[in-house]
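Listed in Swiss-Prot:
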- 47-62: disulfide bond (DISULFID)
- 55-68: disulfide bond (DISULFID)
- 59-108: disulfide bond (DISULFID)
- 61-81: disulfide bond (DISULFID)
- 1-18: signal peptide (SIGNAL)
């Protein structure tokens with residue numbers, strides 16, 4: 001009998017300590033108190049650029065295996081539409097396959 005009373009009392013103490021009251025102040029990063037404004041930017045959904053043109057996203061480049069890739073010209077980063085990934089024919093074929101998969105998951109219309 002005493003053991004059951006001790007277990008019940010311990011459970012009640014744990015419940016009181018574990019659940020804070022409604023009057024307590026919100027924590028600094030509390031998800032219920034913090035509000036965020038999300039800005040949705042319009043992005044290109046259809047292709048408008050050919051191989052060699054400057055781009056920002058894969059959706060801008062026309063072609064199933066064409067992606068917006070990064071090259072370095074004179075130490076400066078330049079993004080342009082490209083489909084060639086290597087001078088080796090086998091590696092280039094594998095690269096085009098990877099580009100095709102990347103474009104498939106870009107969800108361009």
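Cβ from N, Cα, C; glycine included.
Overlay of Swiss-Prot annotations on the structure.
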residue	record	DSSP class
47	disulfide bond	coil
55	disulfide bond	coil
61	disulfide bond	strand
68	disulfide bond	strand
81	disulfide bond	strand
108	disulfide bond	coil
**Message:** Counting across all protein chains present, how many other Cβ atoms fall within 10 Å of the Cβ of residue 81 (disulfide bond)?
**Reply:** 22
**Message:** Are there disulfide-bonded residues among 62, 81, 108 that sit within 10 Å of residue 55 (disulfide bond), Cα to Cα? If so, list them; otherwise say none.
**Reply:** 81
**Prompt:** What disulfide-bonded residues in the list 47, 68, 81 lie within 10 angstroms of residue 108 (disulfide bond), counting C-alpha atoms?
**Reply:** 47
**Fill in**
Between the C-alpha atoms of residue 59 (disulfide bond) and residue 68 (disulfide bond), the distance in angstrom, to the nearest integer, is 8
**Item:** Among 47, 55, 59, 68, 108, the most crowded of the disulfide-bonded residues [Cβ within 10 Å]
**Value:** 55
**Message:** Quick check for the class: what is the C-alpha distance, in angstrom and rounded, between residue 47 (disulfide bond) and residue 68 (disulfide bond)?
**Reply:** 11
**Prompt:** Counting every protein chain present, what is the number of Cβ atoms, excluding its own, within 10 Å of the Cβ of residue 62 (disulfide bond)?
**Reply:** 14
**Item:** Tertiary neighbours of residue 61 (disulfide bond) (same chain, Cβ under 8 Å, six or more apart)
**Value:** 47, 49, 50, 51, 53, 55, 67, 68, 81
